[in-house]
Amino acid sequence: MSTKKKPTITKQELYSLVAADTQLNKALIERIFTSQQKIIQNALKHNQEVIIPPGIKFTVVTVKAKPARQGHNPATGEPIQIKAKPEHKAVKIRALKPVHDMLN
């Protein structure tokens with residue numbers, strides 16, 4: 001199996017690409033992205049769903065508590081006790097149909 005790392009667009013590269021496409025300066029683009037991030041964070045804190053066009057959905061979900069259980073160390077086979085995990089909130093990020101359609 002190949003372990004080659006896929007190419008990634010960095011934050012600065014994204015700012016440059018958006019600036020070139022919109023003909024706005026990078027400082028303004030950075031302020032827009034920072035503002036968007038703050039708005040998303042605030043919405044998620046208030047359990048609101050956020051959809052970013054064309055179709056990326058952020059949702060707050062509650063992860064159920066998990067009791068302590070018996071497990072084993074896969075390397076040695078030695079039995080171990082796995083700690084209980086309390087109920088907590090997590091962010092679920094999902095690509096909607098328009099994003100999936102872009103790939104096909």
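Glycine residues also receive a Cβ, built from the backbone N, Cα and C atoms like all the rest.
Copied over from Swiss-Prot:
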type	residues	note
SITE	Lys57	site 'DNA-binding'
SITE	Arg69	site 'DNA-binding'
SITE	His72	site 'DNA-binding'
SITE	Pro74	site 'DNA-binding'
SITE	Lys83	site 'DNA-binding'
SITE	Lys85	site 'DNA-binding'
SITE	Lys92	site 'DNA-binding'
SITE	Arg94	site 'DNA-binding'
SITE	Leu96	site 'DNA-binding'
SITE	Lys97	site 'DNA-binding'
Spatial neighbour of Lys92 (site 'DNA-binding') that is closest, considering only the recorded sites Lys57, Arg69, His72, Pro74, Lys83 and their CA atoms: Lys57
DSSP-derived structure type at Lys57 (site 'DNA-binding'), helix or strand or else coil: strand
Rounded to the nearest Å - Cα separation of Arg69 (site 'DNA-binding') and Lys83 (site 'DNA-binding'): 7
Largest tally of Cβ atoms lying within 10 Å of a Cβ, found at which of the recorded sites Lys57, Lys92: Lys57
Rounded inter-Cα distance in Å - Lys97 (site 'DNA-binding'), His72 (site 'DNA-binding'): 40
Minimum Cα separation from Lys57 (site 'DNA-binding'), reported as the residue among recorded sites His72, Pro74, Lys83, Lys85, Arg94 that achieves it: Arg94
Cα-to-Cα gap, Lys85 (site 'DNA-binding') vs Arg94 (site 'DNA-binding'), nearest whole Å: 24
